[in-house]
Amino acid sequence: MFARQAFRCAQPLKQGFRKYSTEAPKGKSSLAPIYAAVGITGVGVGLYRYNSATAEAPAAVDRPKVFKGGDQGWFDLKLSEIEVLNHNTKRLRFEFEDKEALSGLQVASALLTKFKPADAKAVIRPYTPTSDEETPGYIDLVVKVYPNGPMSEHLHSMNVGQRLDFKGPIVKYPWETNKHNHICLIAGGTGITPMYQLAREIFKNPEDQTKVTLVFGNVKEEDILLKKEFEELENTYPRRFRAFYVLDNPPKEWTGGKGYISKELLKTVLPEPKEENIKIFVCGPPGMYKAISGTKNSPTDQGELSGILKELGYSKEQVFKF
């Protein structure tokens, strides 16, 4: 796979990747067979895929929306399915009362979750759903359990049939078709969820020709979340999507990046700061923010740019911290 072979020789990678970053996209006629092959021919077909047992599915614009924001307030959803992804991560599916309803989320946005332990204050945490916004009936959350993390521990302790309070959506970075020529997603751990939401939105839209580069750091190989989904994107759109994986504790046979996401790696795989209309997104644990981009001052204040990205010459306007 490209992502694993790429680290074997940094200089050829750099040359090849710069070419990838600046090459013109294929014409619409050459892309048409690809979109037809994967079934991406518009919202109607995407919705039909989820309702194949029925006649023609109603258009997305006609479906009710569950999350409306504003003064809607908190409401609860029932946990309907649990999938164990690895030793510390689960995919939790929460179903809507109306199975034809859509979430109402836009890309990129998150939801607030809440639960109140006995004799303690309510715990509120944001999560980015990984389910498609155009899929009716449910939302999926990918949740990694953290020691002494009250919300993640609560979510991992839940059983099918139990309920959880939600509120939202919280819009983080409103995406528009072809908003940028090239975006770069630098993620660590469960910071991958908003990155996947953004990448999925781009590649399911035939009109969006944005190029996407993913740099994803984890501790062990089994910690790489949504790897199957990203490999599918890489195989389907090799001209527009590249993924690079870095492990702090790799297995002996690992041929990808080792250690932490480094300045040398980012200098090699990211587009140069002088390129037009690029955007770099960062999401991960506090230590990664500090090293890569600097931390946010608050949910509404991006703070100053620092760390590796500043050292490489990127501007504050070219970087967004989830």
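Cβ coordinates are placed from backbone N, Cα and C, and glycine is handled just like the others.
The Cβ of Cys184 (FAD binding site) lies under 8 Å from the Cβ of Val212, Thr213, Leu214, Val215, Leu270, Pro271, Ile278, Lys279, Ile280, Phe281, each on the same chain and at least six residues away in sequence. Look at Swiss-Prot and you will find 179-214 tagged as FAD binding site.
Taken from Swiss-Prot, the feature domain 'FAD-binding FR-type' applies to 72-176, supported by sequence analysis.
Look at Swiss-Prot and you will find 31-48 tagged as transmembrane segment, backed by sequence analysis.
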In this predicted model, the domain 'FAD-binding FR-type' (72-176) has a mean pLDDT of 96
In all the protein chains shown, the tally of other Cβ atoms within 10 Å of the Cβ of Leu214 (FAD binding site) is 24
Could you tell me which of these binding-site residues, Lys179, Lys204, has the fewest other Cβ atoms within 10 Å of its Cβ?
Lys179
Give the helix, strand or coil assignment DSSP yields for Pro194 (FAD binding site).
helix
